[in-house]
Structures are given as structure tokens and as C-alpha cells.
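Have a look at the structure below, then the notes.
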Amino acid sequence: MSLSQWKILLAHLVLLFAAVTASQAAAAAAPRVLKAASVPSSWKNVGTAPAQEQMQFSLYLNSPNRAGLATQMTAISKDPNAKWLTQDQLAQYVTPTTSAQQTVVSALTGAGIPAANISFSGLKDRVIINSTVALAQKFLGTTLSSYSHDGKDAVPKATNVTLPASIAAHVYSVGTLLAFGDYSSSAAAASVQAKSLPDPAPRARRRRLDEEEETRLVSRASANISSNCYSSGGHVYSFPRCLIDQYGLPVPKKSLRRRNDLAVVGYLGENMSQNDLTKALTQFRPDQPNASKYKMTVNDLFGASNNASNPTSEAALDAQIIAGMAFPLQTSYYNIGDSNGNTVGADDGDIFLTAFQTFIDQDASIRPQVVAVSYGILDEDSMGATADAMCNAAQVLSALGTTIIFASGDSGPDSVARAFNPSYPDNGGYCPSLRPAYPVGCPYITTVGATAGWGDANEQPVYYNTPSGLTGTKWSWASGSGFSRRWSTPSWQADALKKALSASNALYDKATSGQFNSAGRAYPDVVTNGIDFPIVLNNAAYLQAGTSMSAPVFGAVVAVLNDALLNAGKATVGWMNPMLYANPGAFNDVKVGGSYWKCGAGTEATAQQYGFNSTAGGYDIASGLGSPDYAKLKSIYGL
């Protein structure tokens with residue numbers, strides 16, 4: 001090629017590079033549209049939001065090094081001698097540049113929003129804006145409508161917004177303005193009759209959070225069950241002492257200086273009664289003479305108002321399991337939001353995101369070391385607008401040394417199946433794609449499923465219409481399992497999941513194949529007992545079941561482990577998942593049963609059953625790593 005030809009080629013390349021650069025710059029400077037993933041039928045547009053209505057919304061800013069933070073957290077999680085990050089250390093990974101912060105503030109004030117109405121979170125990765133509907137609409141290039149969830153109070157929301165060009169590169173989410181979630185607890189209640197319990201309340205059927213709670217009396221016995229599990233009438237229950245024995249927990253030797261061992265998070269107007277808790281501890285922990293003096297702190301936040309004179313079952317279950325198993329460790333009950341799921345005075349619409357942000361902003365001396373949550377949203381897809389912000393907040397909270405534990409849900413492999421019961425089986429003759437729950441697919445959450453059994457060969461996940469194994473038990477719910485459609489399989493889960501999916505009996509049958517995202521983050525991570533826990537509710541006795549039981553059970557196990565670690569001069573376990581998957585031998589393998597539901601055409605008896613099997617050999621999709629062995633957990637953390 002001659003010199004002149006080289007010059008011509010070089011000139012073309014320069015022009016091409018300039019064109020590409022200009023195109024990229026234009027794209028970076030262009031406005032960006034964000035859309036709501038979906039609007040469930042439970043949300044109704046009741047009209048245009050009043051222009052002068054006061055509202056709050058948030059902008060979530062990109063962090064400089066989330067990937068580096070994930071790498072650092074994985075290393076800390078696997079090292080039993082490492083310590084979690086301080087706020088200052090965390091800021092190096094998370095806090096946006098000063099220039100990015102100033103650019104966002106300038107855009108907001110330029111749209112007429114007063115600077116006094118703009119504030120930042122502690123790590124400056126979230127901008128909180130108090131505004132009128134009119135100013136928010138102007139800034140975000142949208143029309144805000146008043147949306148009501150199940151006929152409750154309406155709140156301003158949109159189905160799409162347009163980020164101004166000047167901030168499009170700095171903002172990844174507008175939070176809950178685009179979020180439409182269906183909240184649910186994970187509990188199934190039952191009446192109990194036994195001389196060792198208060199007189200039972202009348203049998204009843206009631207509707208709650210789109211899930212049917214059935215009353216039932218379960219009577220069975222086994223030679224393998226500890227005597228602590230028997231009532232005077234011969235029934236077998238999951239008394240706190242029984243669960244303590246099952247998992248091998250010691251009685252903690254709590255330091256009186258600590259007041260942040262555990263947090264139970266309640267939503268949707270659930271009320272915790274100290275009187276019921278005192279009665280439960282007195283009856284169910286007779287080995288502890290001071291149990292009657294135990295007090296649980298109640299924190300009402302964002303419109304919540306705990307009414308102890310009107311106690312509710314979910315709050316009773318969570319509080320009484322945690323306190324009963326982890327006594328005398330200190331538990332706080334965080335009651336967040338009003339009975340409609342609205343978080344008054346906060347970025348309204350994702351109650352889990354609100355809770356995580358609350359804990360992040362607390363001083364380390366009161367920030368809980370373990371957070372147990374027994375609620376979820378039925379369909380992950382409906383929360384696309386806040387999912388990344390929620391999971392990023394979970395990452396930050398975990399990096400500060402808090403373990404986040406959630407129930408896997410009570411709909412088996414399809415998170416919305418139970419909400420439509422008894423429409424399942426349907427008449428369509430097909431099994432729908434398996435929908436994951438929210439927020440349990442976030443990799444910074446440890447997700448807990450529910451089993452029936454006592455750590456022996458018969459332990460198995462609770463599954464819908466259990467056909468065998470537990471004679472006389474026909475459960476109307478199933479331990480949740482599945483694969484996220486949003487978060488991919490994390491590196492620390494990849495090997496276990498690959499092995500599990502390669503097993504010839506991983507799926508219940510071929511109908512399940514192709515109905516889930518095999519490249520997604522799988523849940524649950526672990527399982528614990530999820531049936532027959534006796535609670536005291538308004539001075540009456542009920543038998544409770546569900547993954548709502550399992551989440552606080554595992555929370556208590558972790559809290560007792562933290563107590564031992566702190567007394568040995570070590571750090572709390574914090575984000576557990578990489579450590580747990582690296583040490584599957586710390587769990588009892590669950591080898592039978594599975595996580596199943598019914599679908600397709602037919603009757604209750606003949607319809608297709610689908611889902612995931614529990615398999616021998618360690619991790620599987622139905623039961624995760626298995627049920628915990630406290631002595632082995634202590635060992636992997638160097639105790």
C-alpha cells in the first residue's frame with residue numbers, strides 16, 4: 001500500500017472514530033425512559049394524582065465499584081477470622097462522585113424543586129426528594145396517577161418516567177414510583193388442643209394476604225422425637241425446647257452490653273403482644289426461670305402503630321419463635337408501614353427496601369446483627385423498578401455485618417400458585433411458567449424453606465397435598481422454591497446448582513422442564529422445621545405452620561452462633577451464603593419429598609403435580625443445602 005493510500009485510510013479511520021465517539025456521547029446525554037414491569041390486577045388506577053398533593057420519591061445513584069464490593073464480601077464471608085466493613089470503608093465502594101451528586105441536585109433545583117427539599121442517604125447513593133405531584137411530573141416527564149391496592153388508600157405512581165439527559169448516566173432507578181407489588185406473609189395457622197397450652201380459640205377459616213390459612217389438628221408420634229416435643233396430651237409440637245434440641249443449640253450467654261442481637265420485621269398492620277409473648281415464654285421455656293421477665297422492644301416506623309390489645313398471628317409467630325429459641329438474646333420488633341403496606345414518610349412501595357435502608361442508616365451499636373422476615377411479594381417480575389435498588393441495599397447491609405433471612409414462601413415452585421387456590425388445578429390443561437417470589441432471589445438474602453420431620457430420614461419439604469410420608473397430613477401449602485428471572489446464578493452457588501440440575505431425578509417430572517430459568521439464582525438456600533409451632537394469640541393457643549416459621553427458626557440459630565462468635569472475640573457471620581455453599585457438610589441432607597404444586601386440567605386427585613425433588617448427595621433445588629447442624633456451623637466459623 002502506497003503512502004497516499006495509508007493517509008486516505010488513516011483519514012477514514014479518524015472520521016469513523018469521531019463519528020462513533022459522537023454517537024456514544026449523544027447516547028450518554030440522551031434522556032432515558034424507565035418503565036414499570038407490570039401492573040397486577042390488585043392495583044387500580046383511580047384517577048390523575050392531584051397536582052398539589054405532597055409526595056416523596058427517590059433517585060438511586062450508580063456506585064463506583066459494586067463489583068469490587070461483591071468480590072471483597074465473598075472473601076470476607078469465607079474467612080472466619082475476617083471482619084465486616086465499616087461505613088467509611090463501604091463508602092469507598094458505594095458513594096458516587098461529588099460531581100455526580102452535584103449534577104443530580106442541579107437538575108432537581110432547575111426543575112423548580114427547592115434545595116431544602118432534597119437530601120441524601122448516609123452513603124449518598126440515594127437522593128430523597130419531597131415534592132408536589134406537579135413538580136415531580138415536570139422533572140420526570142410523566143403523568144402520575146393515583147393507584148389503589150386492593151381498594152386501600154391511593155398513592156401517586158407511574159407506568160413510565162423519563163430521566164433528564166443530564167442525569168441519565170448517574171441514576172439507575174426512581175424507586176417505588178414504578179413498583180406495583182402484592183405483599184404476602186408465609187404462614188398457615190391451626191388450632192391446638194392440649195393440656196399444656198391455654199384453651200384453644202374456636203376453629204375458624206379466614207382470608208389473609210391472598211393466602212388461605214386452614215385450621216387443623218395434627219396428632220402423631222415418633223420414637224425419634226425428643227420428650228421436649230410432647231404435650232401432656234401426647235401430641236407432638238415444635239416447642240422451642242424441641243427445636244433447640246433438634247438443631248443442637250446451647251443456651252446463649254448474652255453480654256448485657258448488646259442490644260441488637262436480632263430484629264423481627266413486621267408489616268401490614270401486624271401487632272405484637274408482650275402479654276402473649278410473656279405467657280408463651282413462661283409455658284414453653286420452663287427451663288429458664290427468668291423467661292417471664294423478658295421484654296421485646298417494639299419500634300413503630302413509617303406509619304405503623306402496634307396495637308398490643310389486638311395481637312395478630314404473624315407477629316406472634318415471629319416474636320415467639322425468636323425469643324423462645326434464642327432467649328435471653330435481645331430481639332427488637334420493627335413494625336414498618338401501615339396496614340395497607342404504605343410506608344408513610346418514606347419512598348413508598350417496596351417495604352423491604354425501606355427496611356434495609358432504615359437499618360443501614362442506624363448506628364452500628366443498634367443495627368441488628370440478624371434480620372428475619374416472613375413476608376414476600378408474590379411475583380418478582382412486578383418489582384422490576386425497585387429490584388436492583390432493594391438488592392443493592394441488601395448488599396450494603398450485609399457488608400456491614402448483618403445477616404438477612406427471608407422465608408421462601410408457601411406456594412412451592414410457583415410463587416403465585418397459592419394465591420389462586422382453589423383455581424389450581426385449572427381447566428387450561430397446561431402448567432404455567434414457574435414464577436419466582438420477591439425478594440428471595442437477591443443473592444445477599446439467605447432464603448429458608450420449610451420441612452416436616454425431625455432431622456431424621458423422613459425429613460422432607462412440606463408440599464401441597466402431601467401424598468405420603470406424613471400419614472394423616474394433607475398440607476394446603478408447599479415450601480417455596482425456584483429460580484430468579486432477574487439475578488443470575490452467583491459464582492458461589494454455581495457448582496452446587498450445576499450438580500443438582502444434572503441429577504436424573506432433580507425435577508418431579510418432565511412437565512417441570514423448561515418452565516424455569518436454570519441460569520437464575522436458585523432458592524431456598526437452607527431449610528428448617530416449618531410445622532406445628534404452638535403460639536399464644538390473645539391468650540389462646542394456635543398451632544402455626546409455614547415458611548414464616550422457618551425464617552425465624554434459622555434466624556435464632558444464626559443469632560446463637562453470633563453470640564458464641566462475639567464472646568470469642570470474632571465478628572458476626574454477616575453475609576453467610578458463600579461460606580455456607582463452601583461448607584455443605586454443615587447441613588443435614590434432606591433426601592426425600594420435594595417442593596411441589598398441582599397444575600393443568602383434571603381434578604384435585606388427577607391433575608399434574610410439578611416441581612423439584614429433594615435428592616441425596618447434598619444441595620438440591622427443593623431443600624437447598626439442607627437443615628442446619630449447629631455444632632458443624634460453629635466448626636466452620638473456627639469455634
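Cβ from N, Cα, C; glycine included.
In the three-state DSSP reading, Glu314 (active site, charge relay system) counts as helix. As annotated by TrEMBL, active site, charge relay system applies to Glu314 (among others).
The annotation active site, charge relay system is assigned in TrEMBL to Asp318 (among others).
The active site, charge relay system annotation in TrEMBL covers Ser548 (among others).
Around the Cβ of Gly618 (Ca(2+) binding site), the number of neighbouring Cβ atoms within 10 Å comes to 17. According to TrEMBL, the feature Ca(2+) binding site maps to Asp589, Val590, Gly618, Asp620.
Summed and averaged per residue, pLDDT over the domain 'Peptidase S53' (237-639) gives 88. Feature annotation from TrEMBL assigns domain 'Peptidase S53' to 237-639.
If you look up TrEMBL, you'll see 191-215 marked as region 'Disordered'.
The signal peptide feature in TrEMBL is assigned to 1-25.
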Using DSSP with the three-state reduction, classify Asp620 (Ca(2+) binding site) as helix, strand or coil. strand
Which Cβ among the recorded positions (Glu314, Asp318, Asp589, Asp620) has the fewest C-beta neighbours inside 10 Å? Asp589
Give me the sequence-ordered set of same-chain residues, not including Asp589, Val590, Gly618, Asp620, with a C-beta within 8 angstroms of the centroid of the Ca(2+) site's C-beta atoms. Phe587, Lys591, Ser614, Thr615, Ala616, Gly617, Tyr619, Ser623, Gly624, Leu625, Gly626
Roughly how many angstrom lie between the C-alpha atoms of Glu314 (active site, charge relay system) and Val590 (Ca(2+) binding site)? 27
About how far apart, in whole Å, are the alpha carbons (Cα) of Asp318 (active site, charge relay system) and Asp589 (Ca(2+) binding site)? 26
For Ser548 (active site, charge relay system), what is the secondary structure state per DSSP, taken as helix, strand or coil? helix
